[in-house]
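Okay, so here's the structure we're looking at.
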Amino acid sequence: MIKILALATLLISGFLPGVTVAQQAEYLGFRACTKCHDSQGETWRASAHAKAFDSLKPNAKSEAKTKAKLDPKKDYTQDKNCVGCHVTGYGEPGGFVSGASLDDMKTLVGVTCESCHGAGGKFRNLHGEASDRLKNQGETSERKQLVTAGQNFDMEKACARCHLNFEGSTKHDAKAPFTPFSPSVGSKYQFDFQKSVMTTGAGNPIHTHFKLRGVFKGDPVPAVRAKLQEDAPEPE
């Protein structure tokens, strides 16, 4: 069923003006990533991002919703003003589809790998080829090809899309629908990218950053990478 929904989305977008082939690259779901990045996947499953969709359910996060003037008893899982920041690829080819069976959408539920790194259909094969090249020939690959293909390296912008998208935001070009969870609701919503990304252990909102193997070389290198790699553990 999920393949049928994805195909329908692609067919529709193919007739929309201004939509290029590159923009039609599909979201693949987190399992396409964790087949290789299993250690990252395991720690992500315990994170707040993995459970983001659950917070839209009735009676979940009631205190926070009340402070933000939302109805804690309401089911927001189908609310188009909320869903986009709690699932992956909402409204995009291959992404989460409201109204579809959650069983079909299960690898797109929550803020997954592709929410930050971009639709895997654009660059997954390049990762596989580069890994094989390093393993078989001992050669590293240029990271620039990933940028050309569409992988996102501007992590801070990816975070700001939801965490700083409140009305009146001065740190992000906020656009409707705005998040109701602004700093005026509570200090915890004063999003700090550096602090959030550097958090380790049980409170990590994303996943543990493990030692990277040097499959790719060259720019761009996210500014936080060097710091994260200083004490990054080995993949399990």
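Including glycine, each Cβ sits where the backbone N, Cα and C put it.
Residues or ranges marked as signal peptide in Swiss-Prot (evidence: sequence analysis): 1-22.
Secondary structure from DSSP puts His127 (heme 1 binding site) in a helix. His127 (heme 1 binding site) counts 19 other C-beta atoms within 10 Å of its own C-beta, drawing on all protein chains shown. Under the heading heme 1 binding site, Swiss-Prot lists Cys33, Cys36, His37, His127.
Look at Swiss-Prot and you will find His49, Cys159, Cys162, His163 tagged as heme 4 binding site. A helical conformation is recorded for Cys162 (heme 4 binding site) in the three-state DSSP classification. Long-range Cβ contacts of Cys162 (heme 4 binding site) within its own chain (separation 6+, distance under 8 Å): Gly84, Cys85, Val111, Thr179.
According to its DSSP assignment, Cys85 (heme 2 binding site) is helical. According to Swiss-Prot, the heme 2 binding site annotation covers Cys82, Cys85, His86, on the basis of similarity to another entry.
What Swiss-Prot lists as heme 3 binding site is Cys113, Cys116, His117, His207. Sequence-distant neighbours of Cys116 (heme 3 binding site) (same chain, 6+ residues apart, CB-CB distance under 8 A): Asn152, Met155, Ala158, Cys159, Ile206.
In the three-state DSSP scheme, Cys113 (heme 3 binding site) falls into the helix class. One residue stands out among the binding-site residues Cys36, Cys82, Cys85, Cys113, Cys159 for having the most other Cβ atoms within 10 Å of its Cβ: Cys113. The DSSP secondary structure for Cys33 (heme 1 binding site) is helix.
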